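S.K.: Encoded as structure tokens, here's the structure I'll be asking about.
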Amino acid sequence: MKIAIIGAGNLGLSIAKGILHSNGATTMYLTKRNTDSIKDYEKYGNVVVTSDNLEAVKKSDVLIFAVQPGHFAAILEDVKDLLTEKHVVISTITGFSISKMESILGKDKFIIRSMPNTAISVGRSMTCICSNDAGRKRIDLAKAIFNRMGHSLEIPEEQMQAATVICASGIAFWMRLIRATTQGAIQLGFDAREAQELAMHTCNGAASLLIESGNHPEEEIDKVTTPMGCTIQGLNEMEHQGLSSSLIRGIVASFEKISEFKTKN
Ligand SMILES: NC(=O)C1=CN([C@@H]2O[C@H](COP(=O)(O)OP(=O)(O)OC[C@H]3O[C@@H](n4cnc5c(N)ncnc54)[C@H](O)[C@@H]3O)[C@@H](O)[C@H]2O)C=CC1
Ligand SMILES: O=C(O)[C@@H]1CCC=N1
């Protein structure tokens, strides 16, 4: 697979790391306007670093765009005449609709809109995807690419903003929960490094339990909560203080913000 990542910034480089981690490409082009900070990637023999988007597009089949929303239309205009039947266009751009991409590239192009998260760099992204009509022919290819770097789910385009909140911003939300747990563990006497180790591996274990068993979280909670025990005591206190409510409200506030962005653009 010949992949180009157009816009090797935070997310683009996370994807590049995920692709390298999973041996997911025969060649990979990484583009950026100023390439100094990413030249090191050329130490991987199959990686080409360049500021020339046109060269990257010509030499690649799968084009993953990870630039800021304000730059995307102009870049599509620049490359559109180079697109052929071999190309699959995958956008990771927040709030940029498929119809907007089609209006620049044409409806006949294979277009996939995706929302990965930065855990793609370690092969653990939750990635939501959707496509235009033509792109349906390449949706399995897109899923295969993202499944090598985590888990993917096809969703209707209307849910893409909500998926951004849950999956992309979600990394930040979960980080805060892990940090808060770490702070609690330090207060109980662990040193900072151990406290984080306990917090993050417990978090990993909890998610893995659900992924592997298919169980509802409450089924797993029931197994841990001894009647009159310490777990239910802690859990109820967290709920009295608004744990679930605060998470839900934060998610809704984040969605309101992203919806505002959509209206403005
Ligand atoms: N950071 C995240 O967790 C997520 C970000 N996104 C989306 O991904 C996109 C990129 O976000 P970030 O990586 O955070 O931004 P960023 O600013 O770190 O990266 C964008 C990169 O594009 C490069 N660039 C600008 N113009 C270019 C051009 N003409 N040709 C080639 N490269 C060019 C910039 O030099 C920069 O390195 C955004 O649209 C964002 O909405 C989506 C999901 C998650
Ligand atoms: O915070 C943001 O607005 C962007 C979208 C998803 C991740 N970062």
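Positions of Cβ are set from backbone N, Cα and C atoms, glycine also.
From a predicted model like this one, the values you see are computed outputs, not experimental measurements.
Sharing the record's features from TrEMBL:
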type	residues	note
BINDING	ILE6, GLY7, ALA8, GLY9, ASN10, LEU11, ALA66, VAL67, GLN68, PRO69	NADP(+) binding site
BINDING	ASN53	NADPH binding site
DOMAIN	2-93	domain 'Pyrroline-5-carboxylate reductase catalytic N-terminal'
DOMAIN	157-260	domain 'Pyrroline-5-carboxylate reductase dimerisation'
S.K.: Provide the three-state DSSP residue tally for the domain 'Pyrroline-5-carboxylate reductase dimerisation' (157-260): helix first, then strand, then coil.
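M.R.: Each residue of the domain 'Pyrroline-5-carboxylate reductase dimerisation' (157-260) counted once, the result is 90 helix, 0 strand, 14 coil.
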S.K.: Tell me whether ASN53 (NADPH binding site) sits in a helix, a strand or coil according to DSSP.
M.R.: helix
S.K.: Could you state, as a whole number of Å, the largest distance between Cα atoms of any two of ILE6, GLY7, ALA8, GLY9, ASN10, LEU11, ALA66, VAL67, GLN68, PRO69, the listed NADP(+) binders?
M.R.: 14
S.K.: By CA-CA distance, flag whichever of ILE6, ASN10, ALA66, GLN68 among the binding-site residues is nearest to the residue listed as 'NADPH binding site'.
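M.R.: Given the candidates ILE6, ASN10, ALA66, GLN68, the nearest one is ILE6.
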S.K.: My understanding is the cutoff is Cβ-Cβ under 8 Å with a sequence separation of 6 or more in the same chain; which residues meet that for ALA8 (NADP(+) binding site)?
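M.R.: Result: ALA16, LEU30, THR31, LYS32, ILE38, TYR41, VAL49, ALA66.
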S.K.: State the mean pLDDT for the domain 'Pyrroline-5-carboxylate reductase catalytic N-terminal' (2-93).
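M.R.: Averaged over the domain 'Pyrroline-5-carboxylate reductase catalytic N-terminal' (2-93), the predicted model reaches a pLDDT of 95.
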S.K.: Which residues in the same chain, at least 6 apart in sequence, have a Cβ under 8 Å from the Cβ of ILE6 (NADP(+) binding site)?
M.R.: GLY12, THR31, ASN53, ALA56, VAL57, LEU63, ILE64, PHE65, ALA66, VAL67, ILE75, VAL79
S.K.: Tell me which residues of the chain lie with their Cβ under 8 angstroms from that of GLN68 (NADP(+) binding site), as long as they are six or more apart in sequence?
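M.R.: GLY7, GLY9, ILE93 - these are the non-local Cβ neighbours of GLN68 (NADP(+) binding site), listed in sequence order.
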S.K.: Fewest neighbouring Cβ atoms within 10 Å: which of the binding-site residues ASN10, ASN53?
M.R.: ASN10
S.K.: With DSSP assignments reduced to helix, strand and coil, which class does ILE6 (NADP(+) binding site) get?
M.R.: strand
S.K.: Counting across all protein chains present, how many other Cβ atoms fall within 10 Å of the Cβ of ALA66 (NADP(+) binding site)?
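M.R.: Neighbour count, Cβ to Cβ under the 10 Å cut-off: 24.
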